[in-house]
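Below: one structure in structure tokens.
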């Protein structure tokens with residue numbers, strides 16, 4: 001039975017003891033279980049050890065203290081595991097990878113948190129479906145949600161890339177808000193449905209009207225007991241027991257432990273054996289065994305007298321066949337019978353009866369060739385053998401050609417006539433069945449005729465090969481390796497280089513700057529700047545490019561200073577310089593160039609073009625076409641080798657955007673610096689100019 005409990009917050013230690021509080025009821029009313037639980041929490045928090053002795057004489061209080069201490073320790077260890085996953089991104093505990101209880105809980109929560117972070121990184125849902133347990137599922141969901149981030153990158157007053165950085169939002173851990181955590185407000189069992197907390201009771205208890213407490217069910221009154229007929233039901237706390245209320249029956253007596261014990265009538269002297277008999281006890285009764293033993297051929301009657309046994313009646317077939325049994329005092333004799341036989345019969349070997357003479361038995365041939373002798377009681381007759389018929393003209397038995405007389409009805413495949421019979425045979429790929437007429441398919445695959453896989457078909461078999469192999473055109477049974485790298489699609493199997501191996505293939509990547517992706521086919525760029533394997537000096541900035549890295553040092557020109565937004569960053573793809581004129585420097589003040597930025601972009605080799613490739617976005621800080629607003633003009637002033645790039649103006653999300661596009665293929669390795677200008681023109685005069693130097697590195701590979 002379940003009822004919804006009042007939706008109210010209860011201190012966590014009391015939730016953990018919803019079931020344990022029942023143990024104390026009626027045992028020691030002076031013991032305050034809440035205080036015992038608080039002691040257990042303090043021991044876990046300060047001592048980190050639940051095995052220390054508890055200063056109490058109450059068994060129930062010690063049980064509560066131990067359970068609350070272990071519960072608090074589990075929460076502390078789980079919080080440590082979540083911190084390891086978020087801060088170190090690995091689950092190596094300070095105590096090493098041991099099998100202690102602390103390390104087990106720390107590692108479990110750490111692994112569950114890493115799974116949640118990995119699910120978010122792979123774009124999967126944070127609503128977990130793995131059967132990993134309730135606590136692990138809550139940690140999984142919390143870490144998955146917390147690892148989402150948002151953000152954006154500005155280049156001066158522009159936004160020169162379309163990268164998005166997500167700002168982490170603080171979310172409350174749903175596991176900490178579980179109202180059934182530790183037992184909830186319920187005294188025995190608790191279930192949080194989301195809308196409310198539902199309490200229920202153990203077997204043998206029922207829920208009270210307060211929806212929280214439980215009371216014992218009297219099964220003896222409600223009739224829910226299982227006592228059998230002849231037993232009385234006695235109620236106990238949470239259950240019941242059955243007690244026998246009738247006697248055990250004749251020959252048994254009831255013991256103190258409600259069981260039946262055999263009565264030894266011989267020892268107690270309550271038997272009725274006569275003086276010439278000895279009493280022998282049995283289970284539930286007794287037996288009277290006579291003292292006098294009779295000789296062979298005699299049996300004792302009820303009074304102990306020896307009387308003769310008639311073996312001719314009591315024994316089944318006491319004499320051999322052909323003999324008659326005659327009873328004697330204490331024994332019997334057998335007398336032989338001598339019968340007289342007529343014509344066509346003779347006495348059997350035992351001489352007991354007459355049997356038929358088989359005139360047809362070899363080597364006698366009373367009927368001659370082509371005929372069959374048929375014996376009959378006291379005589380015989382001659383007829384044609386099976387497979388022959390009697391020719392009235394020649395007066396002889398002639399062979400029957402069954403194959404011609406019954407075409408297609410005798411054999412499954414082929415029929416061959418023989419003298420007096422016929423033989424059936426089968427085509428290739430079949431064998432004769434047990435009936436000698438039907439043909440059944442031969443499973444040629446049982447003899448392994450193929451080099452790899454074999455499929456039995458009706459009357460034959462077919463060889464086929466495993467993945468990565470093909471059947472030989474020469475013998476049709478040998479499997480030859482398929483060179484996947486030489487197939488028309490082989491160039492697209494691997495992103496760099498394909499290596500054929502027996503039954504499969506392997507992909508490889510350039511010797512440096514790349515590693516093979518988990519799918520075993522694509523090559524992934526190694527970010528040397530992130531992994532720390534670059535050799536850039538302290539005055540240089542490491543920029544990752546496809547297949548390598550570059551160490552670059554950008555200095556602001558005279559009358560310009562480094563932007564504070566990029567000055568404090570340890571790693572960025574953009575360096576921005578803002579104009580900072582000295583006092584009374586009129587030339588500097590009237591110079592329209594306000595910002596000079598350097599940014600780095602890495603591109604693969606585009607060997608074929610179907611449409612221009614958009615690579616850089618310059619976003620203006622003012623909305624398009626406001627009243628009395630400057631006209632924004634984008635231009636490439638330097639570094640556009642062979643006009644491989646162009647820039648167009650576009651309006652996106654209410655902003656004016658300059659889009660740099662690659663319009664011609666470039667085969668790497670290639671390095672160029674594009675100088676981009678964004679001019680604010682008012683009345684035909686440039687009032688404001690931002691300069692962006694884009695360092696373009698083109699890889700020699702297309703990936």
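Yeah, the Cβs are placed from backbone N, Cα and C, and that goes for glycine too.
In case it's useful when we look at the structure, here is the feature table from Swiss-Prot:
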- 1-29: signal peptide (SIGNAL)
- 36-76: domain 'Anaphylatoxin-like 1' (DOMAIN)
- 36-61: disulfide bond (DISULFID)
- 50-69: disulfide bond (DISULFID)
- 77-111: domain 'Anaphylatoxin-like 2' (DOMAIN)
- 98: N-linked glycosylation site (CARBOHYD)
- 112-144: domain 'Anaphylatoxin-like 3' (DOMAIN)
- 126-144: disulfide bond (DISULFID)
- 176-215: domain 'EGF-like 1' (DOMAIN)
- 180-190: disulfide bond (DISULFID)
- 201-214: disulfide bond (DISULFID)
- 216-261: domain 'EGF-like 2' (DOMAIN)
- 227-242: disulfide bond (DISULFID)
- 262-307: domain 'EGF-like 3' (DOMAIN)
- 266-279: disulfide bond (DISULFID)
- 294-306: disulfide bond (DISULFID)
- 308-355: domain 'EGF-like 4' (DOMAIN)
- 341-354: disulfide bond (DISULFID)
- 356-398: domain 'EGF-like 5' (DOMAIN)
- 356-440: region 'Self-association and FN1-binding' (REGION)
- 360-373: disulfide bond (DISULFID)
- 399-440: domain 'EGF-like 6' (DOMAIN)
- 441-480: domain 'EGF-like 7' (DOMAIN)
- 445-454: disulfide bond (DISULFID)
- 481-524: domain 'EGF-like 8' (DOMAIN)
- 509-523: disulfide bond (DISULFID)
- 525-578: domain 'EGF-like 9' (DOMAIN)
- 535: N-linked glycosylation site (CARBOHYD)
- 539: N-linked glycosylation site (CARBOHYD)
Using C-alpha atoms, which one of the recorded positions 36, 201, 266, 341, 539 comes nearest to residue 126 (disulfide bond)?
201
Please spell out the DSSP helix, strand and coil residue counts for the domain 'Anaphylatoxin-like 2' (77-111).
23 helix, 0 strand, 12 coil
Under 8 Å between C-beta atoms and at least six residues away from its ends: which parts of the chain pack against the domain 'Anaphylatoxin-like 2' (77-111)?
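Distant contacts of the domain 'Anaphylatoxin-like 2' (77-111): 48, 117, 135-136, 139, 142-143, 146.
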Would you identify the secondary structure of residue 144 (disulfide bond) according to DSSP, in three states?
helix
For residue 454 (disulfide bond) and residue 373 (disulfide bond), what Cα-Cα distance in Å is obtained after rounding to a whole number?
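Between the alpha carbons of residue 454 (disulfide bond) and residue 373 (disulfide bond) there are 54 Å.
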Checking distant contacts: for the domain 'EGF-like 8' (481-524), what same-chain residues at least six beyond its ends satisfy Cβ-Cβ under 8 A?
466-470, 546-548, 701-703
Say we define neighbours as other CB atoms within 10 Å of the CB. Which of the disulfide-bonded residues 61, 144, 201, 294 has the fewest?
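Each of the disulfide-bonded residues 61, 144, 201, 294 was scored; lowest Cβ tally within 10 Å is 294.
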Going by C-alpha positions, which of the disulfide-bonded residues (190, 279, 306) is nearest residue 523 (disulfide bond)?
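Sorting the disulfide-bonded residues by distance from residue 523 (disulfide bond), the top entry is 190.
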Return the single residue from the disulfide-bonded residues list (36, 190, 373) that has the minimum number of other CB atoms within 10 Å.
373
Within 10 Å of the Cβ of residue 341 (disulfide bond), how many other Cβ atoms can you find? Include all protein chains, please.
14
Using DSSP, what is the helix/strand/coil residue split across the domain 'EGF-like 8' (481-524)?
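In the domain 'EGF-like 8' (481-524), the DSSP-based counts are 6 helix, 16 strand, 22 coil.
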